[in-house]
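Database features (TrEMBL):
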type	residues	note
TRANSMEM	93-114	transmembrane segment
TRANSMEM	281-298	transmembrane segment
TRANSMEM	305-329	transmembrane segment
TRANSMEM	355-376	transmembrane segment
TRANSMEM	397-425	transmembrane segment
TRANSMEM	453-484	transmembrane segment
TRANSMEM	505-530	transmembrane segment
TRANSMEM	605-626	transmembrane segment
TRANSMEM	633-656	transmembrane segment
COMPBIAS	704-727	compositional bias 'Basic and acidic residues'
REGION	704-737	region 'Disordered'
Amino acid sequence: MTTPISKTLGFRGSNKISSAQLDHRPIKLRIESSSFIVSEKLRAQNYIESQQMGNITTGSMFQVDTHSFIDDYEEDQPSLDEGPLVERSCRDVIFLIVFIFYIFGMIYVAYLGISTGNPYRLIYGVDSWGNVCNQKNDPINGVSESGKDMTGKKQTFYFKPDFFAPDIPFSDKEDSRKTCVSRCPNETLATPLQAQAFMDRYDDVSICRYDVDTYDDSNVNCADLTILPQTSIFYRCIPEAILSSAKAMAKSATMSVGGMSLGPDVPKKIIADLTSTWKEILYLCAVATGVSLLVVLFMSILAAVIVWVLVLLTIVLCIGATGYCWYNWYTENKDLLSTDVSQRTEEAQESVQTWLIFSSIATGITVIILLILLIMRKRISLVVQLFKEAGKAIKCIPLMLLQPFWTILVLAAALVGLAAIATFIETSGLPTVNNDTGTVSFEQEDMWTYVRWYHLFGILWISAFIVACQDIVLAGAVATWYFTRQVFFKLGCPILKSTSRLIRYHLGSVAFGSFIIALVRLARIILAYVQRKLKGKVGKVAEYLLKVLQCCLWCFEKFLAYLNRNAYIEIAIYGYNFCRAAQKAFLLIISNALRVAAINSIGDFVLFLAKLSSVAIVMAIGTVFFKGKEINYIWAPISVACAVGFVVSHCFLLVYEITIDTIFLCFCEDCERNDGQQKPYYMSKDLMKYLSDSNKAMAALERREQAANKAEDKAKQKQESSKKQDSSQKTTDLTNV
């Protein structure tokens with residue numbers, strides 16, 4: 001839209017515009033087909049006196065073009081001819097400082113946990129007098145049985161035989177004594193004489209307090225009879241009767257799968273199969289990696305076939321289902337009409353009416369789906385083209401496929417370290433002596449409740465931070481490829497460049513975005529904790545509302561994760577701060593809502609099918625690979641290989657997904673910044689087909705290519721002519737000599 005300059009600048013009648021009346025700010029002026037920029041550096045008087053402008057009156061065709069400005073007199077956006085913006089500054093520094101201080105706080109929390117905690121309490125257990133099993137202990141004041149050397153005594157024995165029974169209240173289990181033993185009792189002790197004989201035979205298995213030599217069933221410091229044979233599970237002595245009932249329940253659930261009997265000792269057989277075939281499993285994992293890589297490399301071809309086959313199947317199924325409904329209505333209605341009125345039953349009439357309703361609904365759904373496909377056909381084609389463009393980008397930057405593996409390694413190392421610190425925090429606490437019973441328990445102060453939540457939020461924040469770093473590195477590399485594709489010698493090492501920009505300028509923005517994701521995840525964890533505590537204590541309506549709220553938080557988290565990824569792409573291109581990048585990404589998503597819907601629905605489904613195809617190929621190869629092997633369950637090693645194949649395929653295709661999102665956002669930015677004529681597009685010719693002014697843009701591109709070819713031909717001709725002149729001059733010189 002253009003506005004007359006007399007209206008814009010506030011002049012009436014045929015008064016001439018003087019230099020004093022013109023604003024010095026940049027204004028874009030258009031006379032018929034010519035455009036001029038009046039800048040602050042060039043005074044308006046120079047334009048008034050020029051022959052091109054002459055005397056400007058309200059009757060002239062001189063107008064101000066406001067269409068190309070997003071905001072009043074906004075400065076021109078920076079050029080991306082050299083790739084993503086190079087001149088940047090540090091963004092969101094405050095959040096980076098907060099993140100660093102939070103890390104220091106976690107280091108202090110780790111120090112507190114390590115200084116007061118002991119993971120052996122969680123792994124091996126603690127007896128009733130404060131001795132940690134399988135280590136040497138320090139004495140506790142006022143407790144004579146403390147400070148014992150329990151090295152080698154790894155199992156914890158409970159005096160109450162029904163300690164692990166699920167129907168016994170926890171309050172009744174707190175008074176149970178415990179001792180550290182080197183082995184669990186493996187025989188039935190029903191009488192005091194049998195218990196005493198057992199104590200005499202085994203000095204390292206204490207079924208009474210350590211200083212008690214004679215068994216007395218009336219003494220609270222001795223185990224209750226009858227003592228049944230027990231087995232060590234996670235270094236805890238558990239009666240075999242309880243394990244037998246648990247095995248029976250598990251056996252009833254796993255005896256048959258699809259009608260096929262698995263037989264007894266299923267876990268042992270599975271472990272034996274995995275142990276004997278570990279080399280073959282490694283070979284299959286290597287095959288899974290190769291298959292996933294091939295799927296990624298051929299995705300640009302497969303995507304087009306898959307997408308259009310899915311569209312065709314959707315059309316055929318919709319029309320077929322509608323035709324089937326109308327055919328049933330027609331046949332039943334024909335039979336009903338051919339029947340005498342007196343012999344027509346109510347069931348037949350209801351059946352005809354039902355098929356008519358089904359047919360109408362199916363017809364409406366089919367029409368809607370066909371209209372959607374008709375409207376979205378060009379956007380579906382754009383999805384296919386984006387898959388092809390992503391394939392080109394990955395072929396140019398193949399090292400991007402390794403990024404998820406580095407991320408997994410770093411994330412796994414961080415989570416292992418944080419989990420180890422969490423065990424120290426959970427086992428922290430000072431020994432508290434019960435003066436009535438003489439027993440010891442380790443109790444935590446109220447401070448440790450807040451420390452747990454602090455550490456948990458730190459785990460969520462750090463894990464989200466690591467994943468976000470991967471997103472912004474990949475986005476920066478793909479954006480570099482997009483904006484410098486015409487000059488490949490400028491591509492360089494885009495991953496290293498993107499990583500350096502991240503470390504130097506944008507760690508604060510990543511900390512900000514990951515903080516938001518961690519906050520929502522923490523809210524979900526708190527809500528799940530509340531749900532577990534209130535389960536069975538509130539009404540059905542309250543439980544339903546809590547589930548709905550949990551679902552809403554999950555959806556909100558997914559939305560924020562998608563918005564964050566697009567914000568990171570904007571940051572990788574322009575170097576914005578997080579808020580501005582998120583705002584820009586949100587506006588681009590809203591303005592391209594139909595394209596986004598097509599990419600997120602069709603694109604994600606195609607990627608999911610690609611993952612399943614990788615798993616299916618690995619399964620087929622594994623079936624042939626293990627054929628004839630003497631193993632119990634062929635599906636056990638194949639399942640492990642398929643799981644690894646799915647993870648590897650997910651990592652590779654995650655790169656593909658981020659690449660598609662980045663190219664799409666670069667495409668939107670390209671459309672917004674450039675017009676394809678005065679400002680050439682950065683996109684390829686194939687992407688230009690999906691623009692509204694694609695014909696003009698293609699024509700302008702062809703003219704520029706022709707001009708470039710002519711210039712190149714002239715340069716070659718000039719070079720050849722100069723070579724000829726040089727050669728002729730040399731010939732002349734030789735002749736003269």
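For all residues, glycine too, the Cβ spot is worked out from N, Cα and C.
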(request) Give me the stretch from 281-298, 397-425, 633-656 with the greatest number of Cβ pairs under 8 Å to the transmembrane segment (93-114). (result) 397-425
(request) Could you tell me whether the transmembrane segment (633-656) and the transmembrane segment (397-425) have 3+ CB pairs under 8 A, leaving out pairs under 6 positions apart? (result) yes
(message) Short question: most Cβ pairs under 8 Å with the transmembrane segment (633-656), which of 281-298, 355-376, 453-484, 505-530, 605-626?
(response) 281-298
(message) Take the C-beta pairs under 8 A between the transmembrane segment (605-626) and each of 281-298, 305-329, 453-484. Which stretch has the highest count?
(response) 281-298
